[in-house]
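Just below is one structure, and these are the notes that go with it.
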Amino acid sequence: MKYSILAILAHLLTNIKATQEVFTLSDLPPDSCPIDSPISCSKNAQELENVNSCCYESPAGVILLTQFWDYNPATGPDNLFTQHGLWGNMCSYGYPQFCDPSLEINPNGEIIRSIIVDQFGDEELYNNMSYSWKDYHGKDSSFWAHEYNKHGTCFSTIKPSCYLSNTPKNQNLYDFFRIAIGLFNKLPTYDWLAEAGIVPTNSKTYSLSEIQSALNDKFGANVFIKCDYNHAINEIWYYHHVKGSLLQHNFLPIDSVAHTNCPSTGIKYPPKGKVAHPTLTTKTTTGTSTTIHNPTGIPARSYVHLSGKSGCLISNGKWYTSGTCATYHFKKTIDDSNIEIRSSKGICGINGNEEFTCSRAVSGGTDFQIKDGKIGYQDKFDWCFGSTTGSGSTAQTSVKLADGSCDSFQLLI
């Protein structure tokens, strides 16, 4: 009988930690996979049409390890870029997501601890996740479940069909989190920046070239640096190809294919728990420029939930209970009086039906306020449900300003 390389590796790893035992391809049956496992996205891999994709990552062979710098609200240790996720991107363009509903777990993620700790006895892994893989709303388990359901179900080399028949149930889920944390621990972004003299501060800014040089030199390839609306460091993405199965941990750094949105100079790196102060430059009577700091006092980004309701707002501004929450971005207006809200769809505002909506067609959406974690519009903080499109799990419902005739709720960040 032929076994995939993944099946044998999983069998060897079932009751040991990856750091406790080393094995090589020579331990595996010679006819399981190519002797020299292909590198994902390489010409060699693309020509192996008849080779089981349990042997190498396909078609999503670009592997990203992504990290957050969540400074407001402060999330995770003060000296750590926290884990965002382990993602697989297509070799050409785009990325798969939610690839196999049969493998998904409950979005609350409560089962994850019992699988990792109770079933596999790996309390060390669970503790590492609790320390470094943080959700800025404090819902770590839900965040882990989201990352597994969206990305972990898409890796070809840890599909359940790749494992031996006597492999324990949930081995693929356990392997996803173990591999993600293992790679994360090899990419200490905070330490690499600190070694180059780049540390969190509100008293100075850094250039893009300084940050790139510090990280690229350590990683061995160009990394992707993402900034938020305040020109503060927000995320770091590390791109890889992988040789053979994910279980071999043979990740090969490659240059980022994404382009930074950070400015060439003036990049902020605020300490956690502090606000990245936007700067306004004005001319003094002597002709020199003066920098004025205006604290925003609001989070740079957040999900938007409804008080007393499940679900959240998606990027078009509608309420949805079955999909992924949208990340909303918040910025004080120049006069510091109101808030501009954006999603990936564009600026958010109130339409003619007094419904909250976000799109590129919206303009001048700066009449929002945030008070005690609640979103208001022109000092109105109560909202109601509006019209619904679709049905069942795909239904999307608009939210509108309350008029006193409905059961109202609040929009919470």
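Every residue, even glycine, has its Cβ placed from backbone N, Cα and C.
According to Swiss-Prot, the features are:
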- 1-18: signal peptide (SIGNAL)
- Cys33-Cys55: disulfide bond (DISULFID)
- Cys41-Cys91: disulfide bond (DISULFID)
- Cys54-Cys162: disulfide bond (DISULFID)
- His84: active site (ACT_SITE)
- Cys99-Cys154: disulfide bond (DISULFID)
- Asn128: N-linked glycosylation site (CARBOHYD)
- Glu147: active site (ACT_SITE)
- His151: active site (ACT_SITE)
- Cys227-Cys262: disulfide bond (DISULFID)
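The 10 Å shell around the Cβ of Cys99 (disulfide bond) contains 18 further Cβ atoms across the protein chains shown. Cys54 (disulfide bond): 22 other CB atoms within 10 A of its CB, across all protein chains. With respect to their backbone Cα atoms, Cys162 (disulfide bond) and Cys262 (disulfide bond) stand 41 Å from each other.
Ranking the disulfide-bonded residues Cys54, Cys91, Cys99, Cys154 by Cα distance from Cys262 (disulfide bond) puts Cys91 first. There are 21 other CB atoms within 10 A of the CB of His84 (active site), with all protein chains counted. Summarising the environment of Cys55 (disulfide bond), the number of other Cβ atoms within 10 Å of its Cβ, over all protein chains shown, is 22. Measuring Cα to Cα from His84 (active site), none of the recorded positions Cys41, Cys91, Cys99, His151 fall within 10 Å.
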